[in-house]
Each structure stands twice: as structure tokens, then as C-alpha cells.
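Below is one structure, written out as C-alpha cells, with a few remarks after it.
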Amino acid sequence: MRTLWIVAVLLVGEGSLIQLWEMIFQEMGKGAAKKYGLYGCNCGMGHRGRPVDATDRCCSVHKCCYKKLTDCDPKTDRYSYSWENGAIVCGGDDPCRKEVCECDKATTICFRDNLDTYDKKYKIYLKFLCKKPEPC
């Protein structure tokens, strides 16, 4: 349980972290979520710089997605989702919560689709090496 909490705190530093972690776990298997906690310039807390690769870009896009949700609080909004025929389906009647879910869904799919770009040298990346971030 402690590991789950640590991963949730490190993963993106905001949002319904447990739900995002669960999505990544369900999509990619045990241990996948902890790979991204401190990855590159944008995974973990903050939006530190230009993405180092496509995997890091997934985190950058996720943070930008959250920033666009001006009438929502992605840091606390819990949402509902399900798995249908192997796909994540965001549900519920609240449009804000559904948008938070869609941001997390897109990130999960992005990680899956860019697994081949994951580079262990960026797993725990020193953020001072990051270049100025791209605007959202």
C-alpha cells in the first residue's frame, strides 16, 4: 500500500492520481506506473521543460490538458470510468470530471503507444538539465 501511495504522489503531482495510476496499471500491467514518477522533464511534480522524448511528451500534454480545464479542479475531482472491450470509457454526468478522465485516458494511451521510446536514462532525470518548457 505504501508503494501505491508513493507512486501516486510522484506520478504527476496533481489530479486524481490513484485513478490515473489504476488506468496505467490496467492498461500496461504491474509496475508500469512507477516507471513514470520522475521521468524526463515533465513527469512528476511541475512542468520543468521541453520533453526529452515522446514518453516525456505524454506528461507534458497531460499537464497542458489539466491547465485547459479552467472550471474544474483536476487535483481533487474524482471521476468514473470503466473498461469496455479493452478500452477505457469515461462516464458520469459531470462534464468537468469527464474531461479530467479524458486527460488521464489520453495520457495512459500515450504511455502505451510510446513504450518503445521509454529510455531508462530518463527514469530519474535531473530537472536542472531541462530546457525552457514549451507553452501549452
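Residue 1 is the first one shown; counting continues down the chain.
A Cβ is built for glycine as well, from the same backbone N, Cα and C atoms used for every other residue.
Copied over from Swiss-Prot, here are the features:
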{"type": "ACT_SITE", "residues": "His62", "note": "active site"}
{"type": "ACT_SITE", "residues": "Asp104", "note": "active site"}
{"type": "DISULFID", "residues": "Cys41-Cys130", "note": "disulfide bond"}
{"type": "DISULFID", "residues": "Cys43-Cys59", "note": "disulfide bond"}
{"type": "DISULFID", "residues": "Cys58-Cys110", "note": "disulfide bond"}
{"type": "DISULFID", "residues": "Cys64-Cys136", "note": "disulfide bond"}
{"type": "DISULFID", "residues": "Cys65-Cys103", "note": "disulfide bond"}
{"type": "DISULFID", "residues": "Cys72-Cys96", "note": "disulfide bond"}
{"type": "DISULFID", "residues": "Cys90-Cys101", "note": "disulfide bond"}
{"type": "SIGNAL", "residues": "1-15", "note": "signal peptide"}
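Structure coloured by features recorded in Swiss-Prot.
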{"residue": "Cys41", "record": "disulfide bond", "DSSP class": "coil"}
{"residue": "Cys58", "record": "disulfide bond", "DSSP class": "helix"}
{"residue": "Cys64", "record": "disulfide bond", "DSSP class": "helix"}
{"residue": "Cys90", "record": "disulfide bond", "DSSP class": "strand"}
{"residue": "Cys96", "record": "disulfide bond", "DSSP class": "helix"}
{"residue": "Asp104", "record": "active site", "DSSP class": "helix"}
{"residue": "Cys130", "record": "disulfide bond", "DSSP class": "coil"}
{"residue": "Cys136", "record": "disulfide bond", "DSSP class": "coil"}
Provide, as an integer number of angstrom, the distance between the C-alpha atoms of Cys41 (disulfide bond) and Cys96 (disulfide bond).
27
Protein Cβ atoms within 10 Å of Cys65 (disulfide bond), excluding its own:
19
Given a 10 Å Cβ-Cβ cut-off, pick out the one of the disulfide-bonded residues Cys59, Cys72, Cys90, Cys136 that has the most other Cβ atoms nearby.
Cys59
Inter-residue Cα distance where the pair is Cys59 (disulfide bond) and Cys110 (disulfide bond), in Å:
9
What's the most sparsely packed of the disulfide-bonded residues Cys41, Cys58, Cys64, Cys101, Cys130, counting other C-beta atoms within 10 A?
Cys64
Just to be sure I understand: of Cys43, Cys90, Cys130, which disulfide-bonded residues have a C-alpha no more than 10 angstroms from the C-alpha of Cys65 (disulfide bond)?
none
Using C-alpha atoms, which one of the recorded positions Cys58, Cys72, Cys96, Cys103, Asp104 comes nearest to Cys130 (disulfide bond)?
Cys58
What is the interatomic distance between the Cα atoms of Cys64 (disulfide bond) and Cys101 (disulfide bond), given in whole Å?
14
Candidate nearest Cys43 (disulfide bond) in space, where candidates are the recorded positions His62, Cys90, Cys101, Asp104, Cys136 and distance is Cα-Cα:
His62
